[in-house]
Amino acid sequence: MDAVIRGNDVIFVLKTIGVPSVCRQNEDPRFVEAFKCDELERYIKNNPECTLFESLRDEEAYSIVRIFMDVDLDACLDEIDYLTAIQDFIIEVSNCVARFAFTECGAIHENVIKSMRSNFSLTKSTNRDKTSFHIIFLDTYTTMDTLIAMKRTLLELSRSSENPLTRSIDTAVYRKKTTLRVVGTRKNPNCDTIHVMQPPHDNIEDYLFTYVDMNNNSYYFSLQRRLEDLVPDKLWEPGFISFEDAIKRVSKIFINSIINFNDLDENNFTTVPLVIDYVTPCALCKKRSHKHPHQLSLENDAIRIYKTGNPHSCKVKIVPLDGNKLFNIAQRILDTNSVLLTERGDHIVWINNSWKFNSEEPLITKLILSIRHQLPKEYSSELLCPRKRKTVEANIRDMLVDSVETDTYPDKLPFKNGVLDLVDGMFYSGDDAKKYTCTVSTGFKFDDTKFVEDSPEMEELINIINDIQPLTDENKKNRELYEKTLSSCLCGATKGCLTFFFGETATGKSTTKRLLKSAISDLFVETGQTILTDVLDKGPNPFIANMHLKRSVFCSELPDFACSGTKKIRSDNIKKLTEPCVIGRPCFSNKINNRNHATIIIDTNYKPVFDRIDNALMRRIAVVRFRTHFSQPSGREAAENNDAYDKVKLLDEGLDGKIQNNRYRFAFLYLLVKWYRKYHVPIMKLYPTPEEIPDFAFYLKIGTLLVSSSVKHIPLMTDLSKKGYILHDNVVTLPLTTFQQKISKYFNSRLFGHDIESFINRHKKFANVSDEYLQYIFIEDISSP
């Protein structure tokens with residue numbers, strides 16, 4: 001190497017930031033000066049408030065420099081963290097520089113690492129609120145062009161590193177005519193913080209990147225190609241705004257149309273001249289037209305529009321490309337279709353192969369962290385900051401405008417790891433399950449190894465269920481309704497009727513409830529009796545709100561309606577609870593519409609009593625009777641003499657513990673799916689059993705005895721008048737006393753007196769103050785000859 005290149009002890013400095021180029025080239029003593037190292041040290045000592053910035057005097061003639069870095073972290077690290085971070089920092093940057101030097105400069109990888117790690121100086125900032133330093137690798141030399149070419153490599157390192165010091169490398173210093181503040185000097189006269197020397201290096205030349213003193217331990221490398229030739233294969237960086245948006249901005253600047261606009265792409269836009277159709281004067285300089293075309297270049301994260309030929313004949317225009325990274329991250333996450341807005345204004349997210357919804361947890365933040373490693377490196381590092389994650393989350397919420405309809409797959413049962421098709425038994429996981437958007441699931445993982453018919457658990461479970469609901473001819477209808485009701489709890493659709501589990505104490509009702517809860521877990525909810533006895537849509541009602549999208553709702557332990565003061569079951573509530581949407585809001589919330597997919601089961605020891613009975617109510621009630629009693633040995637004899645029980649079985653004291661430990665979870669789930677295919681494919685069916693409710697007996701029978709009178713009955717009036725009917729206002733009517741006489745032939749007044757009176761009070765009309773009548777005709781009076 002030439003001796004001139006091997007040494008430089010003249011340090012060229014600028015006396016302030018922003019020295020004009022002319023003053024720099026002319027070496028105006030007001031703005032620039034050159035020092036020997038000892039002279040520079042004396043100058044700083046004599047002028048403690050001076051501002052000096054080291055730079056190359058003439059980069060064209062001499063551009064040998066030491067490898068240097070400027071690190072500026074907006075946080076103060078304690079001593080232990082700092083020592084750990086600086087050690088990792090040296091290893092990371094030396095490896096990075098060595099790889100670049102080997103690839104682009106033909107340097108020996110091990111020699112670069114050895115020279116960098118063996119000798120370097122480190123300054124320390126006096127600013128206690130931040131961690132800032134300059135590091136000079138004293139025996140590692142290169143050219144300024146090489147450092148500029150290395151800028152992209154160091155930028156990628158800083159973006160991908162977990163080390164806070166590496167992430168804080170200022171790559172902007174790697175440019176033409178770069179400057180670096182001299183140790184011991186201020187940034188500006190009003191700034192009292194400086195960089196100070198640290199042992200073992202106490203000579204100022206050890207802190208100057210333009211000082212060159214090569215020796216046997218030094219290592220030098222430089223680019224094998226020109227800097228201009230080091231153009232990346234793809235110019236467009238992920239951090240830029242989209243190429244389409246950038247070119248549209250360029251087009252708007254010209255106003256005149258670009259004829260070859262469609263020929264431009266991310267790889268050729270810097271080499272293809274722009275062909276302008278000058279319908280109007282040039283928008284940049286107002287000239288009528290130009291002889292030479294305009295062209296684009298990519299510099300400093302911006303598109304530069306310039307004219308070829310004489311560049312001074314038209315203005316240069318800069319189009320910045322810095323996109324909002326946090327906005328771009330939000331857009332990329334939205335593009336994965338992993339966050340959706342529901343009709344209720346809630347957000348559901350796709351994490352770990354399942355849709356998750358919980359308004360009390362920051363699920364979008366969890367999604368951002370889980371998807372971080374799938375994003376480009378320059379984005380993933382941004383998400384390590386909690387503040388930036390919150391910004392991304394806010395961007396995602398703001399960008400979600402259109403809501404989607406969820407939970408529209410009634411024959412699909414969601415799990416934490418996928419979706420089970422109830423019809424064909426297929427289990428979908430991963431992207432195959434993603435299309436089945438849902439806000440609720442069972443909350444546990446499906447295990448196909450346990451979802452089998454032949455297992456010890458299944459054998460035990462079948463015996464338990466056969467004890468609760470025996471497979472006998474007498475109990476056949478009851479057992480069928482039992483299976484239909486429980487299997488309907490898998491279906492995510494509105495059910496047409498409510499089911500009462502009716503029986504004395506210790507007959508298996510609670511055991512059935514616990515088995516069902518174990519099998520569908522989070523799709524099951526237990527609620528209070530108020531949904532049956534209180535007004536539903538009056539004030540906050542968390543019981544109703546908790547029913548939203550649940551597939552099974554259990555209401556346990558109704559009161560003894562024979563007791564005075566006990567509220568009866570409201571028939572209006574029964575009707576509302578079989579509607580697709582139930583009104584009721586949680587406390588401190590405005591969400592009142594709850595989608596009703598639940599099979600509502602009421603287990604009770606007492607006969608249900610309703611405030612009002614009509615046909616609409618009777619179409620909505622089914623009853624499953626439980627007549628097997630599970631008794632302890634001491635009470636078995638008494639139970640066997642109780643007419644309320646068909647059978648008496650010994651109580652299994654350990655059964656509850658097994659159910660709570662989910663021993664029968666997958667066995668019972670298998671049975672439910674089997675029953676579902678038996679009864680509810682292709683259509684989910686639940687039929688009422690009003691004949692099982694004693695209070696419905698009168699209304700069921702009277703519907704077969706009476707019809708409402710109408711105009712078509714008037715021609716029959718000759719015969720009807722002989723049977724006590726009269727014509728009033730052109731309508732065939734039956735006087736009240738006559739009706740009471742006729743109805744007594746069918747109903748015992750002692751047993752059904754209250755029902756008869758209620759029917760009369762509801763339907764009677766007044767001819768005058770004393771005469772009352774009903775607009776009904778007994779069917780036998782119009783069917784008999």
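Positions of Cβ are set from backbone N, Cα and C atoms, glycine also.
Here is what Swiss-Prot says about this protein:
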type     : residues                                                       : note
ACT_SITE : ASP170                                                         : active site
REGION   : 342-469                                                        : region 'Primase'
DOMAIN   : 477-639                                                        : domain 'SF3 helicase'
BINDING  : GLY503, GLU504, THR505, ALA506, THR507, GLY508, LYS509, SER510 : ATP binding site
If you count the other CB atoms within 10 A of the CB of SER510 (ATP binding site), including all protein chains displayed, you should get 17
DSSP three-state call for GLY503 (ATP binding site): helix, strand or coil? strand
What is the one among the binding-site residues THR505, THR507 whose Cβ has the most other Cβ atoms less than or equal to 10 Å away? THR507
Cα-Cα distance linking ASP170 (active site) and GLY508 (ATP binding site), given in Å to the nearest integer: 73
For the region 'Primase' (342-469), would you mind checking the mean pLDDT of the predicted model? 88
Quick one: give me the count of other CB atoms within 10 A of the CB of ALA506 (ATP binding site). 21
Given the binding-site residues GLY503, GLU504, THR507, LYS509, SER510, which one's Cα is the least distant from that of the residue listed as 'active site'? SER510
One residue among the binding-site residues GLY503, GLU504, GLY508, LYS509 has the fewest other C-beta atoms within 10 A of its C-beta, namely GLU504
